[in-house]
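Listed features, source TrEMBL:
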- ASP132: active site, proton donor/acceptor (ACT_SITE)
- GLU18, ASP132: divalent metal cation binding site (BINDING)
- ARG101, ASN103: substrate binding site (BINDING)
- 16-115: domain 'SMP-30/Gluconolactonase/LRE-like region' (DOMAIN)
- 116-191: domain 'SMP-30/Gluconolactonase/LRE-like region' (DOMAIN)
Amino acid sequence: MSSIKIECVLPENCRCGESPVWEEASDSLLFVDIPAKKLCRWDSLTKQVQRVTMDAPVSSVALRQSGGYVATIGTKFCALNWEEQSAVVLATVDNDKKNNRFNDGKVDPAGRYFAANRRSVYKLEKEEQIPDGMCIDAEGKLWVACYNGGRVIRLDPVTGKRLQTVKLPVDKTTSCCFGGKNYSEMYVTCARDGMDPEGLLRQPEAGGIFKITGLGVKGIAPYSYAG
């Protein structure tokens with residue numbers, strides 16, 4: 001196995017970074033900052049980041065087969081035109097529930113965009129805290145970012161056995177995805193909300209975007225919304 005390297009490629013200071021998605025066509029990483037109501041796109045070639053601020057918390061973003069992106073904003077499924085920095089509502093749910101919002105979203109292999117308001121939480125091991133965002137590698141194994149655990153772990157989804165652990169220099173790891181050339185790199189989002197000043201001094205890269213190389217395994221391309 002290659003030597004694993006971890007680096008903060010974007011010191012974004014996300015309050016709660018989430019939903020990393022690799023866009024192969026532009027060599028870019030999409031992600032959101034939920035409480036900051038931001039959608040972001042980081043160009044891995046130019047190292048520049050573009051940000052679009054919406055009118056409600058943005059909990060997930062995904063590619064769209066017909067072009068552009070889709071996102072869950074507040075309690076709405078929206079289509080995004082990045083160039084015009086505009087959003088068109090595709091559907092709205094839970095109009096009668098105040099202070100509600102989507103929590104996460106993902107496109108399945110059939111091209112359907114699923115989102116949920118609440119997530120079932122289960123415990124892996126005491127020191128790993130709360131499982132959060134996940135992705136699958138080319139061998140069908142599951143990678144899980146452990147919130148408050150400062151790590152991503154690789155699991156066999158059939159046996160539940162932990163196969164690998166990669167620790168990061170930040171505690172609040174939130175999600176992960178594969179990207180880069182041949183999907184050989186892993187990108188990890190994290191959060192800084194809820195950290196006290198001392199914690200932020202100890203973890204100055206909290207809220208940044210991390211890249212992990214040398215894992216010895218590749219990922220698969222993200223699915224795109226078919227609507």
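Backbone N, Cα and C define each Cβ position, glycine as well.
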Within the predicted model, mean pLDDT of the domain 'SMP-30/Gluconolactonase/LRE-like region' (116-191):
87
Using C-alpha atoms only, work out the spacing between the residue listed as 'active site, proton donor/acceptor' and ASN103 (substrate binding site) and round it to an integer in Å.
11
Integer Å distance between the CA atoms belonging to GLU18 (divalent metal cation binding site) and ARG101 (substrate binding site):
15
For a three-state summary based on DSSP, what are the helix, strand and coil counts in the domain 'SMP-30/Gluconolactonase/LRE-like region' (16-115)?
3 helix, 57 strand, 40 coil
